[in-house]
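K.L.:
Input: one structure, supplied below.
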């Protein structure tokens with residue numbers, strides 16, 4: 001036992017030496033990069049690299065998945081409240097004064113590359129020529145006009161989206177919404193083998209674009225604080241932010257949740273509220289809220305030990321997942337940021353660059369900070385508050401007659417008999433937005449659709465109606481044109497346009 005203990009001590013000493021050497025090498029490389037910065041970019045580059053150094057230090061300290069599966073418990077009953085209970089409290093007469101304490105923050109760091117678009121994802125047209133950003137501005141403008149309030153919009157951009165977004169913001173200069181932006185940090189990608197940065201200088205254009213990345217939306221706390229905007233908004237009397245992904249069209253300002261935050265029934269305010277919703281089979285990979293060491297904690301699939309992944313995906317054990325609609329107290333962000341006390345698990349995201357080089361990027365997720373805040377709460381909201389558009393299959397749903405658009409908000413049509421969304425799977429011929437748009441002369445009537453699968457070279461004529469389960473499969477080399485005015489109900493359409501009953 002003694003010799004075993006000695007060898008273990010030797011191993012951990014050896015690992016410690018290696019860790020120190022890696023940290024030292026990283027510091028040397030980052031100093032070299034910083035030395036290439038111009039005086040006008042020195043300050044924020046220094047902050048970015050300091051933040052990265054802290055993340056890298058933690059990355060070297062941590063081993064394997066960061067949760068001990070044995071400690072995971074179901075959250076206590078009252079820690080996740082049903083939305084109906086919160087809505088049943090109604091609204092006070094002075095809802096305008098409550099709204100004036102709110103800031104809407106949209107996470108706007110992503111590009112539209114997964115849908116074949118260049119530039120910020122928020123500038124993709126989703127409904128009647130309106131982009132994600134247009135709809136967001138319309139929603140808040142409607143709120144400000146209806147209640148005579150001053151709710152501002154804050155966009156967290158990344159270095160990938162900042163220039164294009166700022167150009168487009170000029171078109172809203174006369175709208176009744178103050179719009180602010182701040183930038184996420186810019187961190188260096190590191191070589192998977194050497195664990196050193198692949199960047200040699202601070203530039204991020206030309207051949208250097210692949211050297212840098214925005215480190216996930218968990219970076220919001222530090223970059224919001226560092227930008228000075230957090231302090232300015234607190235100075236203006238703002239108390240809460242409502243944070244959501246800009247591509248989640250269901251994430252509108254909810255007055256009942258806001259009232260619950262500002263006027264809590266037990267007198268004790270929550271610093272952090274996470275909207276969760278019930279899992280369906282499509283959401284098995286979504287992060288879930290658990291009780292862990294007496295705190296609410298978000299557990300993501302990447303943190304789950306391999307042996308327990310199937311259990312994590314079980315819809316019966318973990319019934320809810322995080323929508324990434326979050327309500328957070330500004331004063332709490334400031335307090336925790338100043339104490340350096342926001343603890344988020346590191347997500348190691350491996351990438352292969354165009355030239356074949358394997359790199360890793362270290363990221364964090366905004367919801368993971370829930371355990372650092374006091375008096376956190378989950379609210380189980382209706383599925384309608386989670387309407388993300390990640391693919392053209394999602395885009396087809398929101399462009400269709402399943403939804404009506406009113407003041408920037410999409411609501412499920414009353415003509416649909418049941419409130420669930422149909423399952424839509426469009427094949428690879430539809431992945432890019434421009435290809436997708438070319439394949440539909442008009443968006444089909446989908447009010448009575450349950451399930452649609454389309455694969456291969458398929459086009460749709462005008463005024464097609466889809467009902468029940470519809471499966472359309474064009475074999476390789478074949479093409480299927482669904483004629484204008486066709487009604488497909490429980491049909492399988494295959495290869496050479498044989499139409500079979502499903």
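Using N, Cα and C of the backbone, Cβ positions are placed for all residues, glycine too.
So TrEMBL has the following annotated:
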type    : residues                : note
BINDING : 121, 184, 216, 247, 390 : UTP binding site
BINDING : 217                     : substrate binding site
K.L.:
121, 217, 390: which of these binding-site residues has the sparsest Cβ neighbourhood within 10 Å?
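P.N.:
Counting other Cβ atoms within 10 Å of each of the binding-site residues 121, 217, 390 gives the minimum at 390.
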K.L.:
Of the binding-site residues 121, 184, 247, 390, which sits closest to residue 217 (substrate binding site) by Cα distance?
P.N.:
184
K.L.:
I need the most crowded of these binding-site residues: 184, 216, 247. Count other C-beta atoms within 10 angstroms of each C-beta and give me the top one.
P.N.:
184
K.L.:
Can you tell me how spread out the UTP site is, meaning the largest CA to CA distance among 121, 184, 216, 247, 390, in Å?
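P.N.:
The UTP-binding residues span at most 21 Å between Cα atoms.
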